[in-house]
Amino acid sequence: LDIIPRAVEAVEGKDKICVCVFTYIAFIPSLLGAGGWSPLDSNEQQWLQVDLGDRVEIVGVATQGRYGSSDWVTSYTLMFSDTGRNWKQYRKDDTVWVFTGNSNADSVVHHKLLHSMKARFLRFIPLKWNVGGHIGLRVEVFGCSYKSDIADFDGRSSLLYRFNQKLMSTFKDVVSLKFKSMQEDGVLFHGEGQRGDYITLELQKGKLSLHINLGEGDSNLHFTNSHTSITLGSLLDDQHWHSVLIERFNKQVNFTVDKHTQHFRTKGDSDHLDIDYELSFGGIPVPGKPGTFQRKNFHGCIENLYYNGVNIIDLAKRRKPQIYTGNVTFSCSEPQIVPITFVSSSRSYLLLPGTPQIDGLSVSFQFRTWNKDGLLLSTELSENSGSLLVYLHGGRLTLLIQKMAEDPVEISEGCPDNFTDSQCLNPITAFQGCMRLIFIDNQPKDLILVQQGSLGNFSDLHIDLCDIKDRCLPNYCEHGGKCSQSWTTFYCDCNDTSYTGATCHNSIYEQSCEAYRHQGKTSDFFYIDSDGSGPLGPLRVFCNITEDKIWTAVQHNNTGLTRVQGAGPEKPYTMSFNYNSSSEQLEAVINSAEYCEQEAAYHCKKSRLLNTPNGIPFAWWVGRANEKHLYWGGSLPGIQQCACGLEESCLDMRYFCNCDADREEWTNDTGLLAFKDHLPVTQIVITDTNRSNSEAAWKIGPLRCYGDRQFWNAASFNTEASYLHFPTFHAEVSADISFFFKTTSLSGVFLENLGMKDFIRVEIRSPKEITFSIDVGNGPTEATVQSPTPLNDNQWHYVRAERNLKQTSLQVDNLPKKVLEAPAEGHFRLQLNSQLFVGGTASRQKGFLGCIRSLHLNGQKLDLEERAKMTPGVKPGCPGHCSSYGNLCHNGGKCVEKYNGYSCDCTGSAYEGPYCKEEVSALFEAGTSITYIFQEPYPVTKNTSTSSSAIYADAIMSKENIAFSFLTAHAPSLLLYINTYFHEYLAVILSKNGSLQVRYKLSKDGLLIFTIDSGNFANREMHRVKINREGRELIIQVFIKLKHNFSEIDFKAIKSLTLGKVTDSLTMDPEVSKANAYGFTGCMSSVWYNHIAPLKAALRHPSIAPVTVKGSLTESSCSSLTEADVNTATTIYSSSDPFGKTDEREPLTNAVRSDSAVIGGVIAVVIFIIFCIIAIMSRFLYQHKQAHRSSQTKEKEYPENLESSFKADTDLQNTVSECKREYFI
C-alpha cells in the first residue's frame, strides 16, 4: 500500500518523545474515511502489508473496521521487516503480542507500543474477526523518521580507528552498536595493548562473547589471572538487528545484548584498560600483513557504532584520517532469503515437486531446531527403487534408504497428512523448526510461490518467517539450575542445586530445626534453608532437639580454647570467624529465632580485658554489621562491663571484669552474648599479652538459637468480614504459597491478590475441596484437590500452591498433587497491584473463619500475629495444637499445649526425647540390681507432691502391663522379679538353654510357668518382651503371641520390682534361684510396669524415686553395642555435645596451678568423702527402720486414692488344682 505523511505532531514513545514525528496512514483503508481493506477470503492466511518508504521508528498503531459494514478485526499481531522478506514478529515480554482490535466498524482503537520498532515494512495479521462478518481493516501507523549510520562488512573488510596518541589508557569505556549478521561467527571489534590488556567482542555460534583483560605488564603472567569472558544472547545470526551496549567503569562492567544485561567485575587487580595504537572493527588484522586476520571476520551490517562518544561510521563516511576503511560500504546489502517455520509437531509439512525422469537426486537445505528428533525429508526414489528419509535421532542426522514401490517422485519436509505410515516412515516424530535455502536437483525453490499457492503444497507453515525462540534466554531455571529446551518448552536440570521442581524453585530442605522436629526427626546435623525458595542457599547446622527447646547451632572455624601471647596495641592479635555461610544466611537464621546466644570466654593471667572502669579496652569483638563492640559475655550492649560487673561479683570490686584486676594467677570472664542484632561474632581482637608473664586464652562458642518465630505464627479469624492485609505479592514468573489452616466452616478464601486483570487466590470451596486459582492474562487456571475426608474437621492441614512458567500445582497434606501444565505461548508474567488479603477478599465476601499459621510467600515469612494485634476481628495465635499433633507423642507420652506449638511430656513414659521415642537403657553386670519399692507414694510426674499416681500395697492387682527390651549373651539370667507382701511373685528369666520363661507363683494356683522356646534369646540381639494381664487373660508377646486364661488370680499387694539380681532373701523356686545366682549381664532398655518406669527412675530421678541401685549400672544405648560390649558389660558410653565441649575451669591443660589451689582441692575431696559416709549411714539406718516396721505389721494402710488398675479383684473362672503348671510354645 502507498503511504502519505500526515500532520506533524508529537508522539510519546517508550523512553522518549519524538519531537518531529510523522504519522503515516494507509492510503486505501484510511481512518475516518470511507472504505477499508477486506480480503476475498477471511482466514488466518491473510495480512495487510504497509510500505513506509524507508526505515522509520514505529511507536504506535490504530485500527478501525471497514466503513459501513459488519467487518472488523477483534485481535491481530504485527510483523516488521527492513526488506519485505524475513519478517520478525512484534513481541512483548518475549511473547508474540496479541493486540486487541475493534468491537464495531466505527470506533478507533489505539495502541502505544511498549518498545518501538525500526522497520520499513509493517504487516497486520488478523487472528480473529467479527463472527457475523468478515475481516475488515482501516489502519494508521504512528512513528518518527529514523536516521542511522550503517557500515556493511563482507567478511573480508574492517575499520581501523587509530588513536591520536600511541597509548590510550582508560578507566571508563562505553561502546554501543547495532548489528545484523549473516554468519554465526565473527569479530565485531578488538583492541589490545603491549602490556597484555585487550578487549574483544565476537560472535561465537550465534552468541556474543565479550573478552576483557585488564593486565598489569605481562600478558603471559596475567592472562589466566585477570582474563574475563562473558557470553550473552542467542540466535543472533538470524539476520535481524540486535543492539549491544558495553559500559565499563574501572572493574565494573555492564554488558547488554538486546534487553538482557549481565553485570560483572573483571578479574585481577588493575582497573584501567591500556590499548595501543588502534581499535579494529569487523576483524582482528595481523600486524604487518594487510588483509590478513587472526580470526573469522564479521559478515553483516553494523549500525550507529559509538566508541566513547565517537561516531566511528560517521568518521569513516567522511573519510577522516584517523579511520582506515578496508572494503567497507555504507549501505546494508541483504540477500532475499525466505525462511519457513514448521509450527506443528503433527500437521506441518511442505510438499515440493522433484524433477522426474532424471538419474539421481540432489537435495540441500539449511535448518535449525531445538528438538533432538524429527523427520526432515522423505521422498520416493524414481523407478520404484525405494524411499529415502533424512531425520534427526538423538540430535544426530540419519539417512535411511529402503525399498518401496510407489510411482510419485516427490520430496517432503515434515510429513503430509495424506501420506501413509509406510510412505512417510517417520521413525521418530515430525520436524519442528526452521528451514531455508532449499535446493532440489541444484535448483532453488521459490517459497514465495509456495505461499501464493502456485508451487507445491503445505500445511501449518509460517512462510518468510523463522519463528524460533530461545526458551533458555533468560534462564528461568532458578538457583543455578541448568536449562535445556525443545521447540515448545524448556527443561531444568536441578542436580547439585539443593532445589527441586520444574524450575528448581523449591528447596529440598526445611526452613528451620522446628520444621525437622515436626517431622519427627531427632538431634542431628541438617541443612536448613531459611528463606525456602528465596535466593539464600541452604546452611548446615546442628539441630539439638530436646523435650523443652529446639536449638539451632552454627559452628565456626575456631570454637576451641585458643592461647594468646605477645599481642600488644601496635601488634594486636586478631582472629576472624568463618561460619561456612554468608552473612545474609546467618542473619536470616538469627532473625527467625526467638533467642540467640554465643558464649564468650576470656581466661587471663596478667592480661586485661575491657580495662574498666574507664580505660580504653584491651580486647573487643566485631559483630554482624562489622561494628566494634566493647561489652563482654553476660553484659548488655552499650555497657563496658563483664557479667561479674552487672552481678557485682568481680574479684576486685573496683573493676567490672575479673581480668581487669590484672592478677598474676589465672581467672576468667565468661558469659553469653545474647543481643541478636549484634550476632554473630565475626572477629576478636586482643592487645594485652605482651608484658612479662602475661597470657590469655579465649573461646567464642558456636552461634546457638532456639524458637522458630514463624512456624507457629498464627492468626484466628473470628468473622467472615475480618481479614489481614499485606503489601502486594510480587511474583511475576514464579510464586509459591504455603500455610497451615484449620476450620469448621464449609468454605472461605485463605488469601487473594488482584491486578488489573491478573489475580491469584487460594480457597476452600467445600469441606473436601481446596482450589488454587490464577490468571496471568490468558484466562483463569484452576488447580483443585479433592480430599476423601472433610478438611473442616478443626485439625491442622497443610496447603502448598505453586505457579511457574511450566506448571501450576496444588498440594494438600499428603494427598496426590494436582499439576496443570502451563501453555507454551501467551502471557506469563503475573501482574498484581492491589494489597494482599489474608483470610478474606477485596470484596469482603466468602471470608475465612478459622486459623491460618506459618504463611510463606516465595520463602518470605508473613508475621500474622503482629498484624492481627492491630486488626479487629482477628486474634493473634491459635490454640489446639495437641488435637492435631498429639499422636506424635509416643509410648505413653502426653501432649502439652503451648502458645507456640506443643511439647511431649515423657515423665509417664519409659522413653524420653522430644517425642518419647528415645530408649532409656543401661548396661548391667552380674551383680547389678535395681529395686523399685512400692512402700511410699511415688509420683509419675516430676512434681513430688502429686499423689494420684502412687501405687499402694493394699490392693489386688487387676492387671499387669509389662514391657522391656534386653540384649545379652548369658544364660541363665534373671531379667525381672516382682514380689508381693503375700509371698507371691512374677519372674521373667532366661533358662539355661536360652529360652524365655514367665513364672507366676500364686497362692491359689501354685506355680505357673510359660516358656517361649522359639530360640536362644541369649544371642547378643535385642529382644522386646511384652506381658499383659487383664483380669484372667494373660498375653505374652515376644516373636509370637501367647494367650492364657487363669481360673483365678489374686496378685495382691505389690512390694517391690527388681531388675537384675535380687539381693534380698525372698521366696523363689529353684529355677528362679539358679537364674538369680547369675543375675543379668547385658543391656536392658525402656522398662515399663503399668505406669512406672523403674529403669528410667533409677537413671533420671534416683534422689526422689523409691529406687535402690546396687552394683555397676552404666547408661548406654543397647542398639549401639558390639559383641565385646555384651560380653564384658563394662564399656562406658556417654553422649556428648557435637562440638566437643570441654571443661573450661582451666584455660590450658598445662597451666600452672598455685599451691593454694592444690590445698583447696584436697580439702574439698576430704569434705566430699565425709558427706558420702554420712549419706550412706543415713540410708542404712532408714532401710533398717522400714524393715523393722514392716515385720511388725501384716498389712500396711495406704491413702485412699488408689490407682484404678489395682482396685478390682479378679473373678475366678477355672479352678487349677495342680500346684504347678507349665506351658510351652
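Heads up, the Cβ atoms here are built off N, Cα and C, so glycines get one too.
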Check for me: which candidate out of C851, C904, C906 does TrEMBL give as the disulfide partner of C878?
C851
If you draw a 10 Å sphere around the Cβ of C878 (disulfide bond), how many other Cβ atoms fall inside it, taking every protein chain shown into account?
24
If you draw a 10 Å sphere on the Cβ of C851 (disulfide bond), how many other Cβ atoms land inside?
22
Please spell out the DSSP helix, strand and coil residue counts for the domain 'EGF-like' (468-505).
0 helix, 10 strand, 28 coil
What are the DSSP helix/strand/coil residue counts across the domain 'EGF-like' (879-917)?
7 helix, 11 strand, 21 coil
Return the average pLDDT for the domain 'Fibrinogen C-terminal' (504-556) as a whole number.
92
Surrounding residues of the domain 'EGF-like' (468-505) on its own chain - C-beta under 8 Å, 6+ positions past either end:
94, 233-235, 238, 260, 341, 345, 368-372, 432-434, 527, 529, 533, 537-538, 733-734, 736, 802, 804-807, 824
